[in-house]
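S.K.: Have a look at the structure that comes next, please.
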């Protein structure tokens, strides 16, 4: 009766400790079918952008599915609380305002309303989060583009400030020279009047190109002769050089004879070179056959060392986890020892029962199950210890470290486990013969308890810290450096590409052999051609000498004058005549092409002069006046400063133009502490009802005592008993809130006092109701409980409830009890505190006075009613 009400409050407070902080675990399915949109050559996919941002949002458990069907099926089955679907045209509709036709994009939301009451709220939160992400991105992007455009305009104006200023000055200057421009307009009018005379002169000029063919034929002949002068110069220079070398040329036949004699020495050298090159190719081919084996060995060795180093490093990183694992295994062994002790105590007690009476089939089955559990635990523990021994033995063999002490301790434990296994088997054998072998079974249990005590003593001596330090030193200072040095050596060797080196060597040797064999094959034909050339040189040497001397004489005496005359004759044909002809023809073509335009232009100019020039003249005057006024009101440099803005700052402003500054009065750290006043008050009322249901409000008196004490004295005596228990219930729940649940309370002292005060008040009310009305009073207490839960404003503001609940709220003691506890929890506001205290005091006193007055007159009626209900054999 003292603790049960507290459990009711504690479980509810703990369950509601931080429910809204775990919304990240609520699965919300998301699927985007958005196809994106091309905007000015740029692909925009809002759905993809939103999905990427939701990956960084942990307010809800966003789950991205592969299709809309999977999303809807998951919501229907309850796998997801809700689903959010972005349609295919989402991006297209979002940017539709650019084209002038606005289509608001839609987000489809699905939720399973039957999962629980908050499913629609979760859906709203998910949809609003998604909508907020899209809206923020849209506003931020649009604002940033606008700000960047304004900034570019300002920068552009600043960059072209000189040109703009120059244009302004030019406009002002034009305005000042309007009189001179009027004179030009008059000259254009005169041009229009002279246009027919100009056309007649142009017709005569068009006949000149008819004489160009004869002129061009003569020019072509001059150009053809002049084109070969440079080549003739080169020939003349060459002849001079040949003349100087005639003595040497006349010795060529003799040298050809000597070369013909040396051909016989070349063939043996070529044959020997080809043979040696082929031998080298054979050796390279043999080495190439061994390359795969060498590379395979290198790769495997390198991989083995890499895996070893990685394994040791990973093992070293995991050493804290291994130490935790060893500690956990040690704790497991300790837990095994404690569990065995508990099992053996229970088995010993069961055997004492057997000593006093015969075993029933159910008792025999329970003993058998208990022994089976003991045997299973022993086998599991034995396997754990054997694995630990094997691990230390293998590590010792690899590193050479001495783990003999730890292995010895584990072997001692293994020996004790083996003894336990044997004893457990013996106990299992004698169970079938109970109670005949009862003494034997009890003796075996006693021996098994002794072995378990020895096991626990050995286990306490295992040095886990020293073992972990030894393993860490072995891996860090011995094994890892060796493996890393080996890996470095193999890494340097693996950098040499043997296959590529041998392939290149083989290719060079094959090419050399091919060249040598070609030369060896063609050598006889070269010798024959050399002999024929030698015969030809000997027979024509005299004619060659005379021809060279005559050509040199012409080049030195006659060629310079001839060259000068050719250059002078062709200069005009090459340089001037083509340019003149080309320019003349182009001029005629341009005049022919532009003559209609000229007529049209002159007509347009005439139209402009007669119709538009007065308007332009007036516009120039007005623009000049506007510039003067604008420069006076807002200079250009100030306009530039207004347009130059920080795009990012402006976008941030439009995205969040108002900052929300929140100040919490009477802050409470978590939801559990905030709900503690409601459940604490509720458990005190429930505790009072529970006590009134289990305990009697009547005082048992013998005949002598009945005459000694009045009914009112009995009423107050039993009330003190109820209030004493209520005091205990209040203290247990309030101290549990503070020190067991760590509920956040601003005024702990007042919190305890208010809880005790509320507990005594509620106990007084329930006691009076039950004392006056019996079981009907208990029903009234339950009715008040139900009305207090819904109308007391404990979890939700009473303003959101119906009219009936808002009406009863001020009349319920529960309302003021919850408010009073909230004052102590968040911080006391004196006026509210005194209102709550005064109402509760008045309510408690009112019920006590009511009970004092009516209990003596109503006691007999209540007892009679209780007697009748008891005789119905339905109520207790």
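Numbers here mean position along the shown chain, with the first residue as 1.
Each residue, glycine too, has its Cβ placed from N, Cα and C.
What TrEMBL records for this protein is below:
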- 181-208: coiled coil (COILED)
- 563-851: domain 'ABC-2 type transporter transmembrane' (DOMAIN)
- 678-701: transmembrane segment (TRANSMEM)
- 722-740: transmembrane segment (TRANSMEM)
- 752-773: transmembrane segment (TRANSMEM)
- 780-798: transmembrane segment (TRANSMEM)
- 833-855: transmembrane segment (TRANSMEM)
S.K.: Determine which recorded stretch among 722-740, 752-773, 780-798, 833-855 has the most C-beta pairs below 8 angstroms with the transmembrane segment (678-701).
M.R.: 752-773
S.K.: Using a cut-off of under 8 Å between C-beta atoms, tell me which stretch among 722-740, 780-798, 833-855 contacts the transmembrane segment (752-773) the most.
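M.R.: By the under-8 Å Cβ criterion, the transmembrane segment (752-773) pairs most with 722-740.
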S.K.: In the same chain, which residue numbers or ranges, 6 or more beyond the ends of the transmembrane segment (780-798), come under 8 angstroms Cβ to Cβ?
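M.R.: Same-chain contacts beyond the flanks: 675, 677-678, 681-682, 685-686, 688-689, 692, 765-766, 769-770, 773, 804-806, 808-809, 812-815, 818.
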S.K.: Hey, which bits of the same chain come close to the transmembrane segment (833-855), Cβ under 8 Å, at least six residues off its ends?
M.R.: 711-712, 715-716, 719, 757-758, 760-761, 764-765, 767-769, 771-772, 813, 816-817, 819-820, 823
S.K.: Where does the mean pLDDT land for the coiled coil (181-208)?
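M.R.: Mean pLDDT for the coiled coil (181-208): 69.
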